[in-house]
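Below is one structure; the comments refer to it alone.
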Amino acid sequence: MTKVVVCALYKFVSLPHFESIRAPLLAMMEQAEIKGTLLLASEGINGTVAGTQEAIEALLVWLNGQNGLDNIVHKLSFDDEMPFYRTKVKLKNEIVTMGVEGIDPLKVVGTYVKPQDWNALISDPDVILVDTRNDYEVQIGTFKNAVNPVTETFREFPEYVKQNLDPAKHKKVAMFCTGGIRCEKSTAYLKEQGFDEVYHLEGGILKYLEEVKAEESLWEGECFVFDNRVAVNHDLKKGQYDQCNACRMPITEVEKQSPAYVQGVSCPHCIDKISDEQRKRFVERERQVNLAKARNEAHIGSDVNQVIEARREKKEAQRRLAAEKNNAKKSQVL
């Protein structure tokens, strides 16, 4: 069986004409039968895609030939099945959304630490180790002694820093994320806030798992990934977790035995949070998914990435609307 190559990539680079890249990039991906999502913005490119080894190599060569997109940071892993259902290239304001204006990793960023040197750094008692990922990601795996900020989205990370970290007290801060991109912005943000020694795991967790032997590793658990594999183990192979199609939380086989778990409808994490209307919608979606499977077709309802992204976009739209209303009220007062 031909292995599917999964490629996570990103690069912060000034792309003033990023809109013009979308069409030829999408055409190249479709021709090579590459699936997944790439984001383009004026600050660079980010995303995860999958295809044959030849297709992924062709994509990297194609990107390398585009002005500014050479030498892209990328990590490869492998799967027996295609983890995506769609091919998408999206235009965004940011390639990773922190929501803080003026943060530019091209101008200032933390000190990169190679995976081989990471254990020594985080074993230093003077270093505070912070996991920049969301809480549901942290729950299934993290580094030994890492602090969990308990955030739902990356937008909440700046507030966590304001409330919990102090440049005068926390002299050395080390941070990590899945592939490294969130730390590009989080370390840049900390530097802007006056923190002096700020460190960043180069290549993220995925690069660490790739290069550090399991017997020497300080990683505990599995690493959440934003595709249908849900999580990967230390060998970068699909882990033991599944995902609830209702709330998107990772779930174990034990949790799937719970009366609260209904495939595509609910799980122990969300059984008390979903409304009757949502439940009916999820039941119908699951019915459509099963019909599509019976016809040997992919159904939009089973596309994990699309559901996650839609939920995030909805939350961001709600935040923007709330901010606009708040600004309008302030203007009326003035």
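Just so it is clear, glycine is given a Cβ too, placed from its N, Cα and C backbone atoms.
Summarising the annotation, Swiss-Prot assigns domain 'Rhodanese' to 123-217.
Following the DSSP three-state reduction, the secondary structure of CYS177 (active site, cysteine persulfide intermediate) is coil. Positions annotated as active site, cysteine persulfide intermediate by Swiss-Prot: CYS177.
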So how many of the residues in the domain 'Rhodanese' (123-217) end up helix, strand or coil by DSSP?
38 helix, 19 strand, 38 coil
Cβ-Cβ neighbours of CYS177 (active site, cysteine persulfide intermediate) (radius 10 Å):
24
